[in-house]
Amino acid sequence: MHAYRTHNCSALRRANVGEKVRLSGWVHRKRDHGGLLFVDLRDHYGLTQIVADSDSAVFEKLDQLRLESVITVTGEVVERAPEVVNPNLATGEIEIRASEVDVQSFAQELPLPVAGEADYPEDIRLRYRYLDLRRDRLHRNIVLRSNVIASLRRRMIEQGFNEYQTPILTASSPEGARDYLVPSRVHPGKFYALPQAPQMFKQLMMVAGFDRYFQIAPCFRDEDARADRSPGEFYQLDFEMSFVTQEDVFATIEPVLAGVFEEFGGGKTVTPAPFPRIAYRDAMLYYGSDKPDLRNPLKISDVTEHFRDSGFGLFAGMVAKGGVVRAIPAPEAGKNSRKFFDDMNNWAREEGFAGLGYINIKNGEAGGPIARNLGEDATQKLLADLGLGENDGVFFAAGKEGEAARLAGLARNRVGELLDLIEKDSFRFCWVVDFPMFEYDEEAKQVIFSHNPFSMPQGGMEALETKDPLDILAYQYDIVCNGIELSSGAIRNHRPEIMYKAFEIAGYDQAMVDENFAGMINAFKYGAPPHGGAAPGVDRMVMLLAGEPNIREVVLFPMNQKAEDLMMGAPAAVSERQLKELSLRIAVKPTQKSAS
């Protein structure tokens, strides 16, 4: 018999009754039923119930063990009585009558419980992450992550991609988020950077003639944490393809993503390919966001002209100054009390906006300050154009276009949730396309890149030379699922002359481009194919599939919101010897010990 186990803790069934077996695992729960001691033994695979009589040689040893001690149990598989069969447990028809127990490791008193899913302070959970990971939900999330990555790999290889690894130590880039810097011992005063993404390397691979590249890529960005973003590092399905159009990229990755979500989505509905395409301007108009959640059926309308020179002076004044008015429908909201509408207005103020106007309709009668000031005819025309019913409501966001769109988008989400309109048990994908290439920076008083400076402008050099920069669109796209951005991507600008011109419009001369992006721009001068790709976030995919609200619930050893690893004590001070080797001196001494 094996020294530790003949089976795992999820393997035994009624067919094994009468067999002598050996299991190893953690003491999950103990129950003393007056002369009978029951122990739930847990391993990676599941649970098996162990039973010992009070006159058994192993009773006292089991009774004295703390939860989470690691033991090896030898005994006979016996059938449970019908009244104590547990249909919710894979091994629920049997139990092991213990004859031998060997303690492999004693557990101290636990700082947090493993059994159950009690909500516990996050700092404790992260400090003792190895205990937290024993909990069933979190354990399943990490296994799910492993399976998702394996499925992504298989599907990409089936599409003709090869997996390659790009460098982790690279050069710092002036674009994007803050870099994590690594000092060089050999070159004092110089620094490597951890890659924010393998962007330049994967493009250089296309220049080198590798046609289809992918990797599960670690990425490092010194940026603040959010619910859907880990501080420090994250992983993405990074891929790039040569000689492709935007539609080729879409057609390649859609079946990969749809397939993974169908495989691991637990029967939830998944948007079939091809995914809907929504222009950026339409996304901002109809959904108030470039990350639209299509589970929400509500669409925003522009009603600016209804308020131009209208009787509602507040909105009329905003429109006269170049502002806009956006309407967010609220089906059947008129059946609610006025408090529903006032609460929405108060919520908007709490979010930092001036407020949210509204009209509530009860049995066909429009109420509220806006309806009174607009007048009956203008109000009825507005409601008719919006297609509202006799007990609907509508909210209004007014102001500068960007601000009004943002408020309208947030209000759309909130109304959808409050009125229970969000489609359940579904994953709704879409592409957001036709992003603007440039935008105007009010503070700097100049045109800057709107998003990705390395994407190909639609219309190429001709567009850059003849069109207003603010009218130029880019071959740039985002893939969104349930309101969460999974990836940005683009058809790349592979022509040096077009790249120089695009950067010139954004205020960079040729010397600056050559200095900051020498590796890529020089490579493009030796023959570069048209190419494009994207990089869907693995962490966010798993978060959606696991139904978790926070990305830290699907990461093995995450940092906290302050970018601290409480378990390993990072970041931490280093010795003077280490600093001297790197030719570094700390200008500001840390005032307190972090991650302690």
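Glycine is treated like the rest: Cβ placed from N, Cα and C.
Keep in mind it's a predicted model, so treat the numbers as computed, not measured.
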Looking at the candidate ranges 23-26, 47-50, 199-202, 323-326, report the one that Swiss-Prot labels region 'Aspartate'.
199-202
Let me know which member of Glu263, Glu485, Glu497, Glu581 Swiss-Prot also records as binding ATP at the site of Arg221, Asp222, Glu223, Gly537, Val538, Asp539, Arg540.
Glu485
Highest Cβ count within 10 Å among the binding-site residues Arg221, Arg492: which residue is it?
Arg492
How big is the Cα-to-Cα gap, in Å, between Arg221 (L-aspartate binding site) and Asp539 (ATP binding site)?
14
Around Arg540 (ATP binding site), how many other C-beta atoms are within 10 angstroms of its C-beta?
22
Ranked by the number of other Cβ atoms within 10 Å of their own Cβ, which of the recorded positions His33, His451 ranks first?
His451
Counting distance between Cα atoms, which of the recorded positions His33, His451, Arg492 is nearest Asp222 (ATP binding site)?
His451
